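Asks: Following this message is one structure expressed as structure tokens.
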Amino acid sequence: MTWALDATLCAMILAVALATVLGRGVFRAIVFFVVYGLLLALAWVRLDAVDVALAEAAIGAGLTGVLFLAAFGRLARSGADAEPPPGRVNIAAALASAALTGALVWAWVALPLPGRPGPELAEALPRAGVENPVTAVLLNFRAWDTLLESVVLLAALVGLWMLARDEAWTEPLGLPQHVRPGGVMASFGRILPPVGVLVGAYVVYVGADRPGGAFQGGTVLAAVGIVAALAGLVRPPRVTRRAWRAALVAGPAVFLAAGLGGAALGAGFLTLPERIAGSAIFAIEIALALSIAVTLAFLVIGPPETGLEDQ
Amino acid sequence: MSGVTLYALTGAALVGTGFFGLIAARHLLRRVLAFNLIGSGLFVYLGAAGARGGEADPVPQALIITGIVVALSASALAVGLIVALARARGRAMLPEEDVGG
Amino acid sequence: MTALVALLALPLAGALAAVVLPHGAVRGMVPALSVAMLAATAVLVAGLSAQAPTRLKLGQWPPPVGIVLEVDGLAAALIAMTALVMTAAALAALRSEQPAAAGARAAFGFWPLMLLLWAALNAVFVSRDLFNLYVGLELLSLASVGLVAIGGKPEALAAAMRYMLFALVGSLLYLAGVVLVYAAHGTLDIGLLADRTPAKPDALALALMTAGLMAKTALFPFHVWLPPAHGSAPAPASAMLSALVPKASFVILLRLWFEAMPDRAQDGALVLLAVLGTAAVIWGSLRALLQTRLKLVVAYSTVAQIGYLFLVFPLAGGGSAEMPWSAGAWTGVLFLALAHGLAKAAMFLAVGQWMAVTGSDRLDAMRGLATAMPMTSFAFALAAVTLVGLPPSGGFTGKYLLMTSAFAAGQWMWALVLAGGGLLAAAYLYRPLAILFARADAPGPATLPTRGMQAIPLCLAGAAIALGIASETPFELLSIGRPAAAEDGS
């Protein structure tokens, strides 16, 4: 019975992925991709990876989907949404892709089951300061990855801002939105923020012991901001507003400061002494969630625009 | 075939599907979608590998969450470039690949 | 240890500050930060013991649970070269990337991107964890793409987009290999992988990671993104991108083939890498000969110079490992990498100063510029001496070591590549030099850069020459922690 469930889910995932690549029209490809992300989140639940399922649903399907839909809208304004008609079947590409899949399938059959890192992890986990093993890996054992990852987001945002036109630099971020006051979007935008903020804060809060954490919770908070901006309820800030720029770097800054604090106390760079590891991770997660929320929202809203350039 | 193997094979097939899209598609937005398919296919494969042998290994899960965030960052910059390029050229394709159509 | 933490944390903290602080404060911070980085580099190199590389277990967690950083001679030498190039590029950019000259947008974005690039480079040079290297590479790629796009012109956007696509494919191929490694061995640590029980998918994992890193290093035939990207970035950004960024992915290739999986280094694969390197030398040089824009000449020269680096694989790996000539090949290639970085940055910074005067990087616009700007022109000439590989430059030392090794190994064809590549470099660099030093009317009333500005590329080019004259110190540095596969056999 469970096997049939897994097989059906996998077949659906593959079908939707094929439709994303081969289906007619870029808009439809984006819609298929969002469905794909949601199905994938189910697959993660089936693989006992609830933390990943949350991240996949929030980031992989939700935020990435909005990002692509917004971009599609802008391309349509520039008249660049149309795709050239499909040419001949690209046989070389098909063969290369089949070879890649074949190689991975062969590797799966040939893969040994390693004895690592089970015993080493089991020994380390009780000293990590948090109950959720995924949070322990992210914010303690592999904290250096996570710190670098938080600045990858920042690098992407600064790079994205470099795509603004010089004359638009002092404008608010994103395209100006005009929403009918009584419309669906407006009411949606009024109801969602308080609910979303609560949900986001809760997901960050429980991350220490149960599935959740800064990335998933921050994404929910980002979604709140994006919906509020799309509903025209709030006007996104200008790049020049320093308080918002401080919000972007708060998470990496607190994380780095905690890491350096460990070094200053003689414990070592990025070392969280066992006694205070739990509270230190909690503080880092709060700051990270704030920065992730603002950065993700700004990434989706886009660089500053005047809204006049295409008229 | 166990459930875990089923997901690993699905991951492998997703990588191939996405790779085909990345090479064969000409509209840049679809190429970035294909990039995301490959990434998530690799993650499913890794997640399946971590779920072998009973208890789920938390390390792949942490790596995958990091990977999802990195993929979103790259996608956001790529999509921004596509929009800026289309504004400058009127087409969402690279100049050298923009033949006919 | 403190020096290593400073070299990682300072550029990160600087990047965060550059996002928040007003422009004037950032301009004040950058020189101070560069001085601190140079000082930390000096402490790091001085503290490196000849016996064992410095290791740092992050969070005190031993692998496979935690991530280990390690400073060996290779990492220390590249960190030092990076500090020199970054400092020079930053000083040049203090002038060119001002709001008045480059616009408020570029003046804001340049500094965080540059500092993130610096942090990513240092992080990659010292990391011993394959997934951590993936995150570091992504940071490097996104910051680089941002620096290419900063120019804002349609061709810069197209170049950045093309760069992005290659970077994405490269990341995914590398990631695919990392996934296989973890699935087979349950660890990502290079040291633990060296002692692993070999598994069947190892060769596939190595091939996938290598293909991805080749795309990121711009090895022929994956080089097409590099010239337009490096040609359309602002000059200080081009200097960093061309001198430093390809070295990061190359270092990971060295770590994989010589440290993590030397047992999988099949001779056929090693020769293939060197053949692609040879093709890069020939193709990059021929394309450089045909360019009419000076920045593109210099950028295609990078394609060619990257090719030399891949000669290390057959000369120090596989059947050549632990042979009497392998240490010479290893050290020689690293000399070439260091000399190329210094010389290439000098060239791009010199071209940037000429462009500021003539308003263009067309070769015919540069006629007779040596009269007005002798120091920069001399810097370009010195850098050319290094790239051609003439004595007494660092480029010469590198080529000499590699050639000796090639003859000792009986693989004389690689010596032919080194010699032929030198002749081609002389040919494509002769043209700009002849134009620069041609007799012509001095350029119009444009304001010339100050002597201090002109001295920046000269210092870099001088360092590339000094690398050859005082070659003993870098030679000893590079031997610290040299992988067993590249050690001399007896």
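Using the three backbone atoms N, Cα and C, a Cβ is placed for every residue, glycine included.
Keep in mind that this is a model prediction, so the values were computed, not measured.
Sharing the features that TrEMBL gives for it:
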- C:1-17: signal peptide (SIGNAL)
- C:73-94: transmembrane segment (TRANSMEM)
- C:106-125: transmembrane segment (TRANSMEM)
- C:127-417: domain 'NADH:quinone oxidoreductase/Mrp antiporter transmembrane' (DOMAIN)
- C:131-151: transmembrane segment (TRANSMEM)
- C:163-184: transmembrane segment (TRANSMEM)
- C:204-226: transmembrane segment (TRANSMEM)
- C:238-258: transmembrane segment (TRANSMEM)
- C:270-290: transmembrane segment (TRANSMEM)
- C:297-317: transmembrane segment (TRANSMEM)
- C:329-357: transmembrane segment (TRANSMEM)
- C:369-391: transmembrane segment (TRANSMEM)
- C:411-430: transmembrane segment (TRANSMEM)
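Thinking about packing and proximity, how do these listed features fit into the structure?
Replies: Remote same-chain residues near the signal peptide (C:1-17) are listed as 25-26, 29-30, 33, 36-37, 40-41, 43-44, 47, 54, 56, 69, 71, 79, 111-112, 115-116, 118-119, 122-123, 126 (criterion: CB distance under 8 Å, separation of at least six residues from the stretch ends).
Long-range contacts of the transmembrane segment (C:73-94) within its own chain (CB-CB distance under 8 A, at least 6 residues past either end) are made by residues 7, 27, 30-31, 34, 37-38, 41, 44-45, 48, 53, 110, 114, 118, 121-122, 125-126, 234-237, 239-240, 243-244, 247, 251, 254, 334, 337-338, 341-342, 345-346, 349, 352-353, 453, 456-457, 459-460, 463, 474, 477-482.
Among residues of the same chain six or more beyond the transmembrane segment (C:106-125), those with a C-beta under 8 A of the stretch's C-beta atoms are 7-8, 11-12, 14-16, 18-19, 23, 26, 30, 33, 37, 74-75, 78-79, 82, 86, 89-90, 93, 97-99, 132-133, 136-137, 139-140, 143-144, 146-147, 150-152, 234, 236-237, 240, 244-245, 247-248, 251-252.
Tertiary neighbourhood of the transmembrane segment (C:131-151): same-chain residues 67, 105-106, 109-110, 113-114, 116-117, 119-121, 123-124, 157, 159-160, 163-164, 167, 170-171, 174-175, 178, 182, 188, 216, 229-230, 232-234, 237, 240-241, 245, 248-249, 252, 255, selected by CB-CB distance under 8 Å and a gap of 6+ residues from either end.
With a threshold of 8 Å between CB atoms, the same-chain residues lying at least 6 positions outside the transmembrane segment (C:163-184) that come near it are 130-131, 134, 137-138, 141, 144-145, 148, 193, 199, 201-202, 204-216, 222, 224-226, 229, 249.
Outside the transmembrane segment (C:369-391), and at least 6 residues removed from its termini, the chain residues within Cβ reach (under 8 Å) are 301, 305, 339-340, 342-344, 346-347, 349-351, 353-354, 357-358, 398-399, 418, 421-422, 425-426, 429, 432-433, 436-437, 440, 442-443, 448-449, 451, 454-455, 457-458, 460-462, 464-465, 468.
Listed by sequence, the residues of this chain that lie at least six past the ends of the transmembrane segment (C:411-430) yet keep a Cβ under 8 A from its Cβ atoms are 274, 277-278, 281-282, 285-286, 288-289, 297, 300-301, 304, 307-308, 311, 314-315, 320, 384, 387-390, 399, 402-403.
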Asks: Are there residues at least six beyond either end of the transmembrane segment (C:270-290) with Cβ under 8 Å to its Cβ atoms? List them, or say none.
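Replies: Distant contacts of the transmembrane segment (C:270-290): 210, 214, 219-221, 223, 227, 257, 296-297, 300-311, 313-315, 317-318, 414, 417, 420-421, 424-425, 427-428, 431.
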Asks: When you scan the chain for residues with a C-beta under 8 Å from the transmembrane segment (C:238-258), skipping those not six or more beyond its ends, what do you find?
Replies: 74-75, 78, 81-82, 85-86, 88-89, 92, 114, 117, 120-121, 124-125, 128, 133, 136-137, 140, 144, 147-148, 170, 190, 206, 209-210, 213-214, 216-218, 226, 229-231, 265, 270, 295, 298-299, 302, 306, 309, 312-313, 316-317, 330, 337, 340-342, 344-345, 348-349, 352, 483, 485-486
